[in-house]
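Working notes for the structure below.
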Amino acid sequence: MVSVTHCDSLWFGADIITMRGGNYQLIPQGAIAVTGDKIVWIGPHAELPPIHAARQVVYEGGLITPGLIDCHTHLVFGDDRSNEFEQRLNGVSYAEIAANGGGIISTVRATRQASEQQLLEQALFRLKPLLAEGVTTIEIKSGYGLNLESEIKMLRVARRLGELLPIDVKTTCLAAHALPPEFIGQPDDYIDVVCNSIIPQVAVENLADAVDAFCEHLAFSPAQVERVFLAAQKAGLPVKLHAEQLSALRGATLAAKFHAISADHLEYATESDVQAMANAGTVAVLLPGAYYLLRETQCPPIDLFRQYKVPMALASDANPGTSPVLSLRLMLNMACTLFRMTPEEALAGVTCHAAQALGVQQTQGTLETGKLANWVHWPLSHPAELAYWLGGQLPATVVFRGEVRP
């Protein structure tokens, strides 16, 4: 290890949960030395070598965790769908709402009509509660434009959010989210547009870090998704997939075939799907908010993910229809309560495994030397409290790239 004699800032006085290896890996009364935006030393304060720090910050107890990562959101969209919330409470299914012109398509209309500035202002409003909870990295998908102009518009807004606020934003092109109204009955023709026009242009403009698709009976078939993935490969972009949310189509196996960085939802994933994901290194992104709001009854196969050592990430799935959730902390509790995950698994799901689901595990997700100085200081005594408490207990301090975030 390189000897450290100087640093920009030294932080100590709290217990540190590093999440190395997906476990708490507690450092009692730890210390973190930072130079620039990187951690240059971390360990017990009692073992701190002689380091000259330009600035010292002393915490009075509490817990430090890695900055939270929300690895699956649809945060940029026009309007909301609160009327559909009422419909679902009256027994109308998600599929029925979509068949009657609601669902994703109603948001597509609103998103196409909105200006870039309007979308930006609405997204800023939605993003700020997540920042307040300690989210330091977020993924934002397109998928409500469904034509070249509007998909580009959404991705530009997502990139702009990362320029305006102290948060890392990863963007995903989800043009294969639903069939736009002008292509009803012509899904293959729309996939032509996605593959030959939208994905190449998004790649040219460097607006996306990955490509996603929705593999489901009410969206696109595995064969159509495979075409999207081939186009993404040609453009040099990694892939992700909404898979097995409402039915078993072996989408997760298809995702694994293309070494997708994640497959998401997965309520209907089979053992063979999970085996394929394990072999490919594909992360399972679980979305308890959508499960809860849709009042689903089939849980993702948590025991199979454990058995085959598939990393489990968690995310808000913030979107206007099926998961209008602006709290990643709430997802920790839901994952434990609804899916029977442990608090330790849940915290790994919004730190190290979420980083892996975005392909940023080399720089984020755990607290260790060489990684970004992103962390959250909580006024808590045990990490399980992050999943235990519903509401309240906002972070005392969020540090983003070595600086206290206002």
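Backbone N, Cα and C define each Cβ position, glycine as well.
Sequence-distant neighbours of His242 (Fe(3+) binding site) (same chain, 6+ residues apart, CB-CB distance under 8 A): Asp212, Ala213, Phe214, Cys215, Glu216, Ala219, Gly251, Asp264, His265. What Swiss-Prot lists as Fe(3+) binding site is His72, His74, His242, Asp317, and the listing cites sequence analysis.
Residues annotated as Zn(2+) binding site in Swiss-Prot, with sequence analysis given as evidence: His72, His74, His242, Asp317. According to DSSP, Asp317 (Fe(3+) binding site) sits in a coil region rather than a helix or strand.
Swiss-Prot lists Arg81, Tyr144, His177, Gln245, Thr322 with the feature 4-imidazolone-5-propanoate binding site, giving sequence analysis as the kind of evidence. For Arg81 (4-imidazolone-5-propanoate binding site), the same-chain residues lying six or more positions away in sequence with a CB closer than 8 A to its CB are Gly102, Gly103, Ser106, Thr107, Pro320, Gly321, Pro324.
The N-formimidoyl-L-glutamate binding site feature in Swiss-Prot is assigned to Tyr144, Asn319, Gly321; the stated evidence is sequence analysis. Its Cβ placed at the centre, Tyr144 (4-imidazolone-5-propanoate binding site) has 30 other Cβ atoms within 10 Å.
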Non-local Cβ contacts of His72 (Fe(3+) binding site) (under 8 Å, 6 or more apart, same chain)?
Glu139, Lys141, Ser262, Asp264, Val285, Leu287, Ala313, Ala315, Ser316, Asp317, Ala357
Those residues of the chain, 6+ apart, with a Cβ under 8 Å from that of His74 (Fe(3+) binding site):
Ile140, Lys141, Gly143, Tyr144, Leu174, Asp317, Ala318, Asn319, Pro320
At a 10 Å cut-off from the C-beta of Gln245 (4-imidazolone-5-propanoate binding site), count the other C-beta atoms across all protein chains.
27
